[in-house]
Amino acid sequence: MNLLYVFLAQKITNIDWHSKLNKAAHHTSDYNSMQVILRRGQAFTITLNFQTTVQPEDNFTFIASTGLSPAESQQTKAIFHLSEDAASGWSATQEHCEPGRMSLIIVSPANAIIGRYKLKLQIASGNKTSSALLGQFVLLFNPWCPNDDVYMANENERQEYVLNDSGIIFQGKEKYIQQEAWNYGQFEEDILDISLSILDRSLNHRQDPSTDVSNRNDPIYVCRVISAMVNSNDEKGVVEGKWSGNYRSGTNPLHWSGSVTILRKWYRGRYKPVRYGQCWVFAGVMCTVLRSLGIPTRVITNFNSAHDSNINLSIDKYIDVSGNTLNLTEDSVWNFHVWNESWFTRRDLGSFYDGWQVLDATPQEKSKGIYRCGPASTRAIKEGDVNLDYDSSFVFAAVNADCVTWIQHSNKRKERIYSNTRKIGKFISTKAVGTNTRVDITDNYKYPEGSSKERQVYKKALKLATTRKPTVSGKLKLDASTVIGQDILLTLALQNLTAEFKTMKVKLKASAYLENKRMEISASVCIPVKEISFKITYSQYKNALLDDRKILVTAVCEDRQGASLLLEKDIVLQDPLLTIEVLGPTVVHKATNVLVTFTNPLSEVVTDCVLRAEGSGLLKEQLNINVARMAPMETSTAEFEIIPYKSGIRQLQVDLACIRFSNIKGFVMLDVAPAQ
């Protein structure tokens, strides 16, 4: 412990976090934990007791930090002063003060990162600065805060979807629906710690801890991480799935009745996946984790649930001419399937898609290379907007795919013989608010079966879903703004959107507008993520450049399967700097000199340049000054006189013209005083 820390630690005799008061105000009293647990966007109180009286001139600075490497640039560190609102959104105000005692109100922003925080205090007194750790706390999402993305206006719904620690999961068949009780137990001892550990064990966190933590202010991001981590397929997450055979090496999924035992087994077993789970187990565990973090969440059951493996919105069954089923597809229909919905806004899509978002931790198909699903807006699913993030087409098919039967003849010809448009997505169910009764929410997912609107939406979704999806994305980036005469440095960044390595052939072309002179570069690259740097030299573009100084760069990228990507980048070369300095006061009928400084931006000598100046009320005629010769990169000056003849705000315009480059322009605003 350093001397400054000792100094302040001795000065503060006691820190009261008002745990009971703050927990009640923040709706965290149910957590079975000695930790200070708070919700973001809401004030909390702490009281400091000092050995000596706090002096008015003492300067208090607070530092709230989270993560292993806190940084203000990543919003994982906030520095704020007493009685001042910080840019970070954190603030501290003095509630009341008496000799030796100070009560403070601290407020976190409604978009603060959730997780474990440290709160430090620095006091500057005279020429001494001392600091101490005031304590640690856990910050959660806040459905009671109107500015939080997870805000839920109805108190009864908040009680159900955030604070209720038990529930009902519906199972069975569409004509025989059963209730199964489930213990979520989100407030039990260690469960919040385990939920935070799940975030810390994710692949995202292991690859880039700082960026991962900085993204934890976003419920979309947090939900995608949890969706991937509840199953064990990619990240050695919580539950290992199994749907056939015996379960002797673990627990039969039917034997689980709650999340607490599963989560503790994973945590105490040093993060070894717990065997075994099926859809209702994954959904129950994810509901526990998300409610513990403060995200309103519920469990949904879809009867006759489709698994559309190729996203063609059709569950295809193939038989031979004798009626025998042929295993030609991975499509399937489950009697029931269970997933989650969480409540938050969709800033990435627009307010129309706010509200309930589908999440599915059962490992069925990969989403951007990882077994996870969602969040998919239920509004997007109902309206057939299956092109929207995330995995909307997969969920749409689960509730609204058509079932199609085909006969495959001996000559391999396929004949469509039957189609059922009403079988999939029946009695979509969840537990009612405040009771254990079943609520049918099918209308949230689709229009009435067989209606013209339902078919219209299906056709819209089919068109979007069967549009070829890109397997590679990319971007052309200009490394730095380029002044005419300089080389142009660009980077082509490619990203593989699949889980497989790809070899891409890249052709790069650059052309000046309205000209047919081009440069071309070819390269073969293996990605998942690859950046290619390339340069267009001044000598390559100088004879093609037009007055608009525009260059169009195109990149055509193709893989071996014929998938292609076209990227374009417009570049406008910037003018070199031209500065205008007025060397005296500007007064009507009084001469004043103006100094103009400019630089030849080229790597070659330029001749026959002309500097022009004009300005209403400043110069009655355009002024032309010949600049005979400038060496490469040479800086030159020109001085001329103006005699203003009108008072008020006036604009003086200056430009430098040359054969090798178009006009380099500048201007300055002058406040001309009346004649004295």
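Backbone N, Cα and C atoms are what each Cβ position is placed from, and that goes for glycine too.
Just so you know, TrEMBL annotations are computer predictions that nobody has curated.
Copied from TrEMBL, the annotated features are:
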ACT_SITE  Cys279  active site
ACT_SITE  His337  active site
ACT_SITE  Asp360  active site
BINDING   Asn400, Asp402, Glu449, Glu454  Ca(2+) binding site
DOMAIN    271-363  domain 'Transglutaminase-like'
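Under a cutoff of 8 A between CB atoms, and with a sequence separation of 6+ in the same chain, the neighbours of Asn400 (Ca(2+) binding site) are Leu313, Ile381, Ile424, Gly425, Tyr445, Lys446, Glu454, Val457, Tyr458, Ala461. In sequence order, Trp334, Phe336, His337, Val338, Trp339, Thr362 constitute the residues six or more apart from Cys279 (active site) in its chain with CB-CB distances below 8 Å.
Listed in sequence order, Thr421, Arg422 are the same-chain residues at least 6 apart in sequence whose CB falls under 8 Å from the CB of Glu449 (Ca(2+) binding site).
Neighbour counts of Cβ atoms within 10 Å were compared across the recorded positions Asp360, Glu454; the minimum falls on Glu454. Counting only the Cα atoms, the space from Asp360 (active site) to Asp402 (Ca(2+) binding site) is about 21 angstrom.
Other Cβ atoms within 10 Å of the Cβ of Asp402 (Ca(2+) binding site) number 20 in total over all chains. Within 10 Å of the C-beta of His337 (active site) we count 23 further C-beta atoms, all protein chains included. When averaged over the domain 'Transglutaminase-like' (271-363), pLDDT in the model lands at 91. Using the Cβ center of Asn400, Asp402, Glu449, Glu454 for Ca(2+), the list of other same-chain residues with Cβ within 8 Å runs, in sequence order, Ala401, Thr421, Arg422, Ile424, Gly425, Lys446, Gly450, Arg455, Tyr458. Note: the domain 'Transglutaminase-like' (271-363) comprises 18 helix, 41 strand, 34 coil (DSSP; helix = H, G, I, strand = E, B).
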